[in-house]
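A.B. asks: Can you read through this structure? Questions will come right after.
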């Protein structure tokens, strides 16, 4: 019977994956696993997805009316829609006017795949809110409880307690990165820790006998309704509820793997698309890691046993989460085990205290305030610790990692000698290192809307040319992190226009830079020039003839030859060398500058001024003879790229890639060994 829950969970997982791609159904060929619970879980989840698919809303329809917005979502004619508005709307009632649009896929490395994320949330549409007027609050008990939780607390303590008790992150825009860099972000994602602390407080009421199990079940249901059904909280509630039900009926607690399997099956039966959600994946993998590792350990009794047990739990969870965390967040706090050891006692006091504060309000503030401030101070201190940074993990990287993890896990349970386990682990580890060894020689045109941002990777050294508008800076930084860029050898701002230089302010703030090249059009008081000076970054304002050796490639400035006082004309035209390949980047150069430029033959041309009618002349195309043209462009009122420019490129046999249609574009020239 112990394998029933595990079989249902594995079968349900395979069924959910088969809905995404039919080839996953080949997993049924794993005959040793083909037992009745496994087959039943597969068929039920697959049947649920086929017979009751998530409905697709009518796209393009205009919408106007009063809507209840909660957690960023609203309901319209039976459809759950994500409300897209800047700034994001707080929970409440709003008069909205806009239209229904399809979700967007991922357009940049490190970017959000909105389509997959919304599917995991049970939605297939976005309400693009052009106008939003708040007409009321949420009302009801939920808002009253939230007000009591905030009573008597400083703004920082209120935000920490709302995140810790309710999983509310909307007020944590500034504080959340501290928790993330300290390895404490999981405290703000309601999960087994929170459910365990809450239920543990009720289970200590021994005089109530079995009635305490019923009280704990009721508290668990209330907590789920109040905080909302996040994947990790639903998983933890299902597992906790199963154990409480077993205790209430005198059947004993469900095993961890058994409970995890049943919770996995029930969540996927309710919403097969939940398997796409990162929170869902992290929650189940963390529990699986602890369930596989901790039973094989025997920590000593006493305080040291508690310390070692806490360390083991953190490391066991992270052992399965590591590639997923690095793939999505591109950093791993190396002090995370230590900060978690110090934070868990604070959380153990704050969660039950916060739950009581939902009912009692201000009288508990003197107790909650110093504890919340202590947790915040710990997050601030931990965020300054060393970080392991890495770009996105390739599918083969995941495979090599988990293959390397399997032999030590078997050895831990006595199924394999440790010497043989380490030897077997060395092979996939070596293959993974070999896979990451050659450094690419490539050029990325990042999608920053109507603007330019180009990253050249030159065999271990990187050059960023422009960064889009100011609001695109964070998008550029995420792309750099996803591509494994820890520092920039050279940063180039071709000219001061906001759609080229604006996003570089965020880049300079977040990413180490070795040297900055600014167009002579930048003044000393320009915000970017001041930011570079404040960071102590060496800065040059080069002209034609400047040539740098960067990594295995080159950066050469072809323009300006003389200064005109006009920003676009004084912009930097660059020739990037990638070994045997070359790319010409023309910023927003006007036609007269193009005509004066002696362009060498290149493989890639970055079209000037987003495809403006006045650029990309016949003379330039005849000189440069590019094979590929890249256009950084988004929605705009200027008609970019102009049809005449596209026609000229087509007539010369140039293949055109546009960031508004193709998203980020990568041109690979080769590898540096």
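Glycine residues also receive a Cβ, built from the backbone N, Cα and C atoms like all the rest.
The annotation transmembrane segment is assigned in TrEMBL to 6-29, 184-206, 213-230, 242-266, 278-297, 303-326, 338-360. Residues or ranges marked as domain 'Metallo-beta-lactamase' in TrEMBL: 450-635.
Would you situate these features in the structure and describe their surroundings?
C.D. replies: The list of residues near the transmembrane segment (6-29) in space but at least 6 beyond its ends in sequence, with Cβ under 8 angstroms from a Cβ of it, reads 35-46, 49-50, 257-258, 260-265, 268-269, 272-276.
A Cβ distance under 8 Å defines the sequence-distant neighbours of the transmembrane segment (242-266), meaning residues of its chain 6+ beyond its ends; these are 2, 4-13, 41, 44-45, 199, 210, 213-214, 216-217, 220, 234-235, 284, 287-288, 290-291.
Through the fold, the transmembrane segment (278-297) approaches residues 120, 186, 189, 191-192, 230-232, 235-236, 239, 256-257, 260, 263-264, 267, 309, 312-313, 315-321, 324-325, 328, 409, 412-414 of its own chain, all at least 6 residues removed from its boundaries and within a Cβ separation under 8 Å.
Beyond the transmembrane segment (338-360), the same-chain residues lying 6 or more positions past its ends with a Cβ under 8 Å from any Cβ of the stretch are 145, 148-149, 151, 161, 164-165, 182-184, 187, 193-194, 197-198, 201, 219, 223, 226, 307, 310-311, 314, 367-368, 371-372, 374-375, 378-379, 381-382, 385.
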A.B. asks: Who are the long-range neighbours of the transmembrane segment (213-230) in its own chain, taking Cβ under 8 Å and residues 6 or more past its ends?
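C.D. replies: For the transmembrane segment (213-230), the far contacts come to 70-71, 142, 145, 165-167, 189-190, 195, 198-199, 202-203, 205, 237, 240-241, 244-245, 247-248, 279, 355, 358.
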A.B. asks: Taking a Cβ cut-off under 8 Å, which residues six or more beyond the ends of the transmembrane segment (303-326) line up next to it in the same chain?
C.D. replies: 278, 281-282, 285-290, 292-294, 297, 332, 336-337, 340-341, 344, 388, 390, 393, 397-398, 401-402, 405
A.B. asks: Given the model, what does the mean pLDDT over the domain 'Metallo-beta-lactamase' (450-635) come out as?
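C.D. replies: Summarising the domain 'Metallo-beta-lactamase' (450-635) by its mean pLDDT gives 95.
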